[in-house]
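Heads up, the thing below is written out as structure tokens.
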């Protein structure tokens, strides 16, 4: 089945130019086969029953120039250079703005004990495991001629060396705070005058033949480019307790933004992004204050964040957004593949919201009974389950070293005083003996 223009031809010709042009001259038979495959993939991917309600074709979505811009898949290609632009901007922002700001707010990095240079242990740490088992510790002890306790201590210090310091965490949180704040204010300014912001039924009136405003187009492109940059830099970012959930969230968000744009779910998509940005601002600002050890302000802001998160993610998002996509939309068109796929992605996000809400409620419980937020259950714990024990042991070792130094100083001072007393006693006795000698003569 061949699909009518304009959509299939725009995306198909672009894919052919991108992937087949290098082989046209040297491998004509490969070009012919590849063209057939790409043509088949293009026809299969952009079948009308996947993207449009029953009874509506691509020709029905055509808009005149004076009616506005209809979303095309090729528009999403600009998100890739935007993602790399965000990575460069983040690099500059963290060094020019975030690091000086962290110093002004009093962010301090903990001085960690440096592991001594042992080539065999370093090779095992990088190539095999960061946390060796007991048989491996025994084997390394024989190879290096060190005791098992020293081997375990070395790996504990080495793991702590690789842990990110507070300045790095502060820079990451400040970058996200700036983007979420800018995106939320810009998105709110572009949506507050739209009818679907107040009445979600308007999201489906006239669907799918709905033009996309320029402000909403850039809102989509910037959000997708930002989340793509987070996914590209996830390997160098701080690995947290919810690392896997964060990766799933980024992938689901990218699929949700991309698919909703291609299927022209732009109106409801803007509401989804606005709801998410509203609570993320408070989360990142609370992290910044936590790393700066502004305890009272951080605890107060955490309470506000918990309320906003629970209301926006567990009340507004399911009762307004998911309700209108899952039930209200059926009053305007019959369900199709895009309907099921889009709602499945929204339900994945809602499952992640419930998981994060559980972690936040655990923190609220600690806050109520202990009067302070001890630890960020949602995102500030490291992915290694033994890192907390490592820090406690390292702290004890540092305290033991301080105590040992103090004891050594006290013992040395006592020995010095005893030596001085002995010398003085010897000199006194010698004087007494010398003074008695003439009388004896």
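Yeah, the Cβs are placed from backbone N, Cα and C, and that goes for glycine too.
Keep in mind it's a predicted model, so treat the numbers as computed, not measured.
Now, the feature entries from TrEMBL:
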type	residues	note
DOMAIN	108-165	domain 'Homeobox'
DNA_BIND	110-166	DNA-binding region
DOMAIN	168-369	domain 'TLC'
TRANSMEM	177-197	transmembrane segment
TRANSMEM	217-235	transmembrane segment
TRANSMEM	247-268	transmembrane segment
TRANSMEM	339-361	transmembrane segment
REGION	379-413	region 'Disordered'
COMPBIAS	379-392	compositional bias 'Acidic residues'
COMPBIAS	393-412	compositional bias 'Basic and acidic residues'
Residue distribution over DSSP helix, strand and coil in the domain 'Homeobox' (108-165): 35 helix, 0 strand, 23 coil
Tertiary contacts of the transmembrane segment (177-197), as residues 6+ beyond its ends and Cβ separation under 8 Å: 86, 93, 203, 213, 215-216, 219, 222-223, 226, 267-268, 270-271, 273-274, 277-278, 280-281, 284-285, 288
Sequence-remote partners of the transmembrane segment (217-235) [C-beta within less than 8 Å, at least six residues beyond its ends]: 69, 71, 75-76, 78-80, 82-87, 90, 179, 183, 186-187, 190, 246-247, 250-251, 253-254, 257-258, 261, 266, 269-270, 273
Whole-number mean of pLDDT values that fall within the DNA-binding region (110-166): 82
